[in-house]
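What Swiss-Prot shows for this protein is this:
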- 1-92: region 'Disordered' (REGION)
- 47-60: compositional bias 'Pro residues' (COMPBIAS)
- Arg92: omega-N-methylarginine (MOD_RES)
- 94-139: domain 'F-box' (DOMAIN)
- 321-342: repeat 'LRR 1' (REPEAT)
- 347-369: repeat 'LRR 2' (REPEAT)
- 373-394: repeat 'LRR 3' (REPEAT)
- 398-419: repeat 'LRR 4' (REPEAT)
- 423-444: repeat 'LRR 5' (REPEAT)
- 446-470: repeat 'LRR 6' (REPEAT)
Amino acid sequence: MSSPGIDGDPKPPCLPRNGLVKLPGQPNGLGAASITKGTPAAKNRPCQPPPPPTLPPPSLATPLSRVALAGGPCPPASGPASGPVSGPPVERPPLATDEKILNGLFWYFSACEKCILAQVCKAWRRVLYQPKFWAGLTPVLHAKELYNVLPGGEKEFVNLQGFAARGFEGFCLVGVSDLDICEFIDNYSLSKKGVKAMSLKRSTITDAGLEVMLEQMQGVVRLELSGCNDFTEAGLWSSLSARITSLSVSDCINVADDAIAAISQLLPNLAELSLQAYHVTDTALAYFTARQGHSTHTLRLLSCWEITNHGVVNVVHSLPNLTSLSLSGCSKVTDDGVELVAENLRKLRSLDLSWCPRITDMALEYVACDLHRLEELVLDRCVRITDTGLSYLSTMSSLRSLYLRWCCQVQDFGLKHLLAMRNLRLLSLAGCPLLTTTGLSGLVQLQELEELELTNCPGATPELFKYFSQHLPRCLVIE
């Protein structure tokens with residue numbers, strides 16, 4: 001894991017995205033564990049963290065020393081004395097170490113800034129290492145960051161006690177092997193019961209490694225496998241546990257129809273399934289049964305090129321309680337498939353039809369007529385959608401988020417239909433080439449709009465953005 005330079009200047013802060021954040025390393029003064037499985041960590045060794053930069057507040061003539069920052073006595077100010085000083089030095093009130101104040105203050109900093117602030121002093125670290133400041137964040141650890149190289153060239157596993165103190169319940173491991181995963185399990189004290197979510201990306205985990213991981217880490221209920229090409233469908237059959245409620249598999253070349261059979265039979269409590277596999281066919285979707293029908297509420301079939309309307313039939317009959325469905329990139333699905341969805345999945349709140357080139361305005365008529373609870377609709381790259389389709393959507397009072405990125409046939413007349421959608425909070429028109437400045441300016445009538453995306457829109461001029469800033473002051477306009 002990366003850490004600030006020895007000169008004290010931190011690297012540029014990294015921003016959380018989708019719950020994932022790259023955390024800098026923590027010089028917490030603790031020894032590192034041996035690479036040998038099961039070997040206890042070395043005894044704690046005192047380690048002095050690098051001194052933080054001392055920046056004087058505007059109201060102070062001289063910068064505070066580290067002692068003062070930690071609540072100790074302030075040194076006298078330099079310069080000519082104004083008079084004789086009698087008695088002991090006045091002690092600064094320990095505001096900088098008041099835990100009540102710090103507990104409120106630290107909420108205003110990003111995750112990466114908190115990592116740096118935790119190095120200021122023990123009092124700050126004690127406050128910052130409370131799990132509440134790290135809830136919802138997932139540390140990302142690359143394989144090379146899991147080991148320290150000793151002077152003799154040997155490697156030892158890094159100390160993960162700082163992560164345990166902050167109570168992280170999920171990890172994303174990138175480029176790891178079976179051995180790396182075993183070392184992680186042996187050296188992270190919360191791995192057996194405390195870790196709820198594991199994500200493995202671009203890793204060489206095998207069937208055996210997957211089985212050991214899920215057998216040892218009994219707390220894992222959310223699993224993501226992305227770009228892992230060394231495990232097979234047999235590995236899923238031998239390792240999947242009924243406790244898993246969320247599973248995501250993408251870019252894993254050995255995943256095909258039999259993987260869905262394993263998922264449907266072994267995961268009766270599955271609530272969320274995300275699958276991106278080029279070789280999955282309609283046959284796989286027939287494996288879903290009533291067992292998943294009661295529990296599964298989210299299904300994402302991403303770029304499953306072989307799935308047709310026949311596969312959609314299997315989905316709508318087996319999973320009637322879906323509230324979120326994505327058919328993004330399922331290029332063989334047509335308007336008839338969307339009609340099946342609209343007629344049978346009346347509980348849907350989110351529907352993603354992006355990158356479905358066969359979808360036309362007729363599909364939007366089905367959506368508008370039957371999906372009265374729908375709050376989010378994604379139509380990115382649906383190149384056959386026209387202004388007529390938008391006229392159907394304008395009747396949907398429940399819709400709050402509408403994505404029309406790169407819908408190249410949408411024109412100003414279609415935007416006029418959207419002006420009737422008073423509950424709309426998010427609208428994306430990125431890449432729509434036929435929209436003019438005049439047509440876009442009418443969007444100021446949507447006073448409840450919170451986010452408007454206009455990237456790569458020829459009609460989005462600097463004058464238009466200025467106009468929006470004046471008439472849509474509460475809306476984030478993405479240029």
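Any Cβ shown, glycine's included, is placed from N, Cα and C.
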In terms of Cβ proximity under 8 Å, which residues at least six beyond the ends of the repeat 'LRR 2' (347-369) contact it?
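Long-range Cβ neighbours of the repeat 'LRR 2' (347-369): 300, 303, 320-335, 338-339, 341, 375-386, 388-390, 392-393, 395-396, 403, 405.
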At a C-beta cut-off of under 8 Å, are there same-chain residues at least 6 beyond the repeat 'LRR 1' (321-342) that contact it? List them, or none.
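Counting only partners 6 or more residues beyond its ends, the repeat 'LRR 1' (321-342) has Cβ contacts under 8 Å with 293-294, 296-309, 312-313, 315, 348-360, 362-363, 366-367, 369-371, 378.
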Give me the DSSP three-state residue breakdown of the domain 'F-box' (94-139), ordered helix, strand, coil.
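Counts, helix then strand then coil: 30 helix, 2 strand, 14 coil.
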